[in-house]
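Annotation source Swiss-Prot lists N-acetylproline at 3. Positions annotated as N6,N6,N6-trimethyllysine by Swiss-Prot: 14. Here Swiss-Prot flags 123, 173, 177, 295, 327, 379 as substrate binding site, drawing on sequence analysis. Annotation comment: Swiss-Prot describes 175, 294 as active site, proton acceptor, evidence class sequence analysis. Swiss-Prot lists 201 with the feature N6-carboxylysine, giving sequence analysis as the kind of evidence. Among the features that Swiss-Prot reports, Mg(2+) binding site is placed at 201, 203, 204, with the record citing sequence analysis. Residues annotated as site 'Transition state stabilizer' in Swiss-Prot: 334.
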């Protein structure tokens with residue numbers, strides 16, 4: 001009898017409740033290349049041993065339930081069950097453990113992030129035996145990755161479409177995010193693109209409200225885009241937010257964007273949902289549209305260090321589901337993002353292969369084989385003084401987005417865009433000449449401002465602006481050792 005059809009019916013059924021660890025804690029297990037591996041930060045309730053807690057996570061996120069059931073005998077649990085195969089205490093934390101769980105690939109539907117998350121981060125997060133639970137990382141096997149399309153186009157194809165190489169791309173979120181009429185919104189888009197930006201962007205909550213319906217916005221933004229392209233000779237884009245209340249409406253908006261001939265649309269992938277996002281990504285590849293992804297709602301899931309899901313997992317899920325850009329924090333701006341951890345998931349988005357690296361919070365070696373990379377987007381509270389640090393931290397394959405840092409310029413939108421473009425070009429040139437952006441950044445910006453009155457005005461406005469709050473999401477360190 002094959003392992004796939006072997007059952008335990010002949011063993012006999014014994015009703016009752018037994019410890020999870022008797023079945024689901026298997027420290028001797030050797031993981032397979034086809035297993036999905038998960039690293040959970042587990043905080044058990046007092047009196048619950050870590051082995052029982054880890055086994056409970058493995059059980060409740062795979063084949064287990066709270067009591068023995070006679071139908072267990074109708075299948076092969078050894079083939080299908082999740083296994084907690086290793087447990088490490090968290091340095092510097094009492095009663096916290098990293099529990100490693102292996103899931104057989106047959107537990108998951110091909111090409112479905114929705115199904116993968118329903119299993120791995122489903123009911124188990126409300127389990128009473130656990131005080132808190134956080135999914136820190138996943139290892140997605142190549143066999144499963146190949147069932148996904150992934151990003152519609154990827155980094156190289158985007159650069160070829162835009163004909164822009166050797167520098168980060170520049171963007172701007174139109175502000176105020178809500179309340180503008182479609183015509184005034186389009187005017188702001190035109191001024192920013194004419195001033196030197198590559199992209200402008202709908203904010204995440206701009207959908208189709210009474211003050212600005214989506215079709216009107218799309219039309220005025222397309223007009224602005226084409227006018228700016230004609231004046232500058234550069235290819236321009238505006239992230240038209242196709243997020244909607246239904247998948248059908250979302251696709252209708254993407255179809256209209258394609259008919260207008262614009263290069264890129266946008267989706268809020270967490271609030272919109274992974275099923276909708278994957279559908280839109282497939283449409284974008286088939287129709288030549290780039291796809292910008294906003295991560296609205298991510299901090300509800302990933303902000304707390306002991307419960308929820310780390311953003312590196314959400315980033316991996318996005319690369320599977322599909323997106324050409326995704327917001328990834330700034331390190332230096334107003335939003336949460338510690339440098340080493342941020343660079344860890346930035347590499348997961350862009351690179352074909354990443355190694356285990358405890359210093360950057362990466363728990364598993366990950367190969368993406370032929371899956372295209374995703375451009376990380378730095379956005380939130382950044383301005384011209386941040387440009388050297390952003391260029392040094394994120395490198396060329398990134399999008400740097402200045403919303404208030406463009407539209408807040410004292411001379412207007414177009415001068416704000418000019419200031420950012422001059423600052424970026426100065427930083428890229430200085431880097432290419434071998435200068436140290438981390439040490440000489442302020443000097444480089446001051447030198448460039450002598451030749452650009454727009455940049456000089458921006459430097460003066462934002463010279464005192466800082467966001468100096470400690471990051472919540474930091475690496476684990478032994479507090480006793482300091």
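The backbone N, Cα and C atoms fix where each Cβ goes, glycine too.
Here the features listed in Swiss-Prot are painted onto the structure.
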residue: 123; record: substrate binding site; Cβ within 10 Å: 11
residue: 173; record: substrate binding site; Cβ within 10 Å: 24
residue: 175; record: active site, proton acceptor; Cβ within 10 Å: 16
residue: 177; record: substrate binding site; Cβ within 10 Å: 14
residue: 201; record: N6-carboxylysine; Cβ within 10 Å: 29
residue: 203; record: Mg(2+) binding site; Cβ within 10 Å: 19
residue: 204; record: Mg(2+) binding site; Cβ within 10 Å: 21
residue: 294; record: active site, proton acceptor; Cβ within 10 Å: 28
residue: 327; record: substrate binding site; Cβ within 10 Å: 21
residue: 379; record: substrate binding site; Cβ within 10 Å: 24
May I have the list of same-chain residues other than 201, 203, 204 whose Cβ is within 8 Å of the Cβ centroid of the recorded Mg(2+) site, in sequence order?
173, 174, 177, 202, 205, 206, 239, 241, 266, 294
By a simple count, how many Cβ atoms lie within 10 Å of the Cβ of residue 295 (substrate binding site), its own Cβ left out?
23
Entries of 123, 204, 294, 295, 327, 379 which, being recorded positions, have CA atoms within 10 angstroms of residue 175 (active site, proton acceptor):
none
Longest CA-CA distance among 123, 173, 177, 295, 327, 379, per record bound to substrate, angstrom:
37
Through the lens of DSSP with three states only, how would you label residue 173 (substrate binding site)?
strand
By Cα-Cα distance, the member of binding-site residues 123, 173, 177 nearest residue 201 (N6-carboxylysine):
173
Could you say whether, by DSSP, residue 123 (substrate binding site) belongs to a helix, a strand or a coil region?
helix
Spatially, and counting Cα to Cα, which of the recorded positions is closest to residue 123 (substrate binding site)? Options: 203, 204, 294.
294
Residue 204 (Mg(2+) binding site) and residue 295 (substrate binding site), distance between Cα atoms, whole Å:
8
Spatial neighbours of residue 327 (substrate binding site), counting only the recorded positions 203, 204, 294 and Cα distances within 10 Å:
294
Report the nearest neighbour of residue 204 (Mg(2+) binding site) in space among the recorded positions 173, 294, 379, comparing Cα positions.
294
